[in-house]
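Remarks on the structure that follows.
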Amino acid sequence: EDPSLERHFKGHRDAVTSVDFSLNKKQLASGSMDSCLMIWSMKPQMRAYRFVGHKDAVMCVQFSPSGHLVASGSRDKTVRLWIPSLKGESTVFKAHTATVRSVNFSSDGQSIVTASDDKTVKVWTVHRQKFLFSLSQHINWVRCARFSPDGRLIVSSSDDKTVKLWDKTSRECIHSFCEHAGFVNHVDFHPSGTCIAAAGTDSTVKLWDVRMNRLLQHYQGNSVVNSLSFHPSGNYLVTASNDSTLKILDLLEGRLLYTLHGHQGPATCVAFSRSGDLFASGGSDEQVMVWKTNFDADYGDALKTQKSGSTVDGSHHTGSEMDSGIHHKKTKTQDSGRNHEQQEVEASLANTLEHIMGQLDVLTQTVSILEQRLTLTEDKLKECLENQQKIIQNKTN
């Protein structure tokens, strides 16, 4: 089945800027230019809560990992933490000196990272609501900032056309990706933490490996990309664009899978639920839509594969094993250009390398996430082959 529209929420009085699901999928939060935060219940006939407090447009919303809090950032320069209940109480964080465009909880729920037009990225503690530190190397508005799944890195994207990778502990910029031709609207980490995806006004979506700092995939669209979200399996990416469409990209095949039309006017934001069976989108048309993912896939298997595919002890999955979690559909969009010989070569290469790659963490997930990119750098291959020679010599001695 194709993705299908499940629910339709109307209540905002201006463009929707941000959407996010709670952990249990019972609630959906949305922010809007109307200065309100809405919490929608996924149960039919349950009323929505409208939270008032921000003095200007709400630019971003996110549930905490536990779902007990919602954070929002606004054009009024503040960040608020809400308890998503009837009372709608909130506490205010003030440190930015301009519009706050992005808010994101660390996976342990202890910290928040925010990005602002004051050109800084700021990190805060949730419980004491204390401002910790600023990262300030961007030279224009910062549109988005996200923690890595393990909380050790922060990635940020800016109107200075760069994506920057930061070490949270040393607070230093480790790398700047400068390949975008336009502003970078949105960035996020792959669930494995090994790569990032960035969306830009140059109509592109780019994926980079954050260990080797190299471009892995590049999707060229025909309209500004405002937002993106990884499926929890790590195998798909959904994007929202100015041409009113949502697009689902298949990262294993490296191609466009679906184009969805629902919004009138720009699609401004999009987010998968934590389990991946739903995704929500918002648009300039003031509407929030919830879609059933309906991929021809068994999520349980896909997620199990993903988890085991990214273990730290060095055990890993080859591309062909990774594939078994997801049954690919050849869709209307375009057929995969990869032939069987290529796949066989890749599979055999993966198998040959599997025994000697135990500790080569750098290569582990590149193989499991993007099986077709077994174009590993020569020196790594040389290293592998040398290791193999040593193993053979040790055996014969």
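A Cβ is built for glycine as well, from the same backbone N, Cα and C atoms used for every other residue.
Those TrEMBL annotations? Automatic predictions, nothing curated.
The following features are taken from TrEMBL:
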COMPBIAS  314-343  compositional bias 'Basic and acidic residues'
REGION    306-343  region 'Disordered'
REPEAT    9-50  repeat 'WD'
REPEAT    51-82  repeat 'WD'
REPEAT    93-134  repeat 'WD'
REPEAT    135-176  repeat 'WD'
REPEAT    177-218  repeat 'WD'
REPEAT    225-259  repeat 'WD'
REPEAT    260-292  repeat 'WD'
Checklist entry - Of the listed stretches (9-50, 51-82, 93-134, 135-176, 177-218), which one yields the highest count of Cβ-Cβ distances below 8 Å with the repeat 'WD' (260-292)? => result 9-50
Next on the checklist: DSSP-wise, what's the residue breakdown of the repeat 'WD' (225-259) into helix, strand and coil?
Outcome noted: 0 helix, 23 strand, 12 coil
Checklist entry - Would you list the DSSP helix, strand and coil counts for the residues of the repeat 'WD' (93-134)? => result 0 helix, 23 strand, 19 coil
